[in-house]
Amino acid sequence: MRPSRRAPDELRAVSLERGVVKYAEGSCLVKFGDTHVLVTATLEERLPPWLKGQGRGWVTAEYGMLPRATLERTRREAAAGKQNGRTVEIQRLIGRSLRAIVDLQALGERQITVDCDVLQADGGTRTASITGAWVALADCLGWMKTRNMIKGTVLRDNVAAISCGIYNGTPVLDLDYAEDSEAETDANFVMTGDGRIIEVQGTAEKTPFSQDEFLALMALAQKGVTRLVDLQKMAVA
């Protein structure tokens, strides 16, 4: 039995609320159960120096957690003077995931910066961030399209992410913190709307996992991503 009493293939309650920030070109408040992330997408008429003159744009991401997003206060990284390795890893993952489904040529010579700020953390902050980031990005691109700043299709597909793990010997979908901290194996899957894989991160926390167990986790992830993509489409409709 899972601590949350969910079925092995059951997501937490998921919500994606678009257009929640007045000033941002795109935004989304994403909730995976008690994990809440505010995502904004900002259009910037500038590019990294190494991209200038190439006729294409860029999508990048930043990620951070509010001090009381966690049970005990976490010191702000700005106060510490540097980002920790986990933060850098996650924001690079978010950026890679979004660029995989964006036509950077169609975007033109401009940059969209996606900021993911964790308001409350209960496991799966990176997967929630990626899923909400797609909605915020779509919101931003819609804003641009209404102003004739872009033409054609910039977003080539959806992208969503979900965690899976082996908890008490059973493959389960969408781990919360209680499960993640006790799981024998945990993995994150980033997938497109048509089921292609962008990235897989998997770790055996206690004992190695078999190929069959990995395939069971991937099947769960595909089911979860399909549901998340449906929710994304509803959010931007």
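Cβ from N, Cα, C; glycine included.
Among the candidates R76, R86, R99, R156, the residue that Swiss-Prot names alongside G124, T125, R126 for the phosphate site is R86. Ranking the binding-site residues R86, R126 by other CB atoms within 10 A of the CB puts R86 at the bottom. Each residue in I90, V118, A121, G123, T127, A128, S129 lies on the same chain as R86, G124, T125, R126 and has a C-beta within 8 Å of the C-beta centroid of that phosphate site, without being one of the site residues. According to its DSSP assignment, G124 (phosphate binding site) is coil. With a cut-off of 8 Å between CB atoms and residues at least 6 apart in sequence, the same chain places F32, T35, I162, S163, D174, L175, D176, D180 near G124 (phosphate binding site), listed in sequence order.
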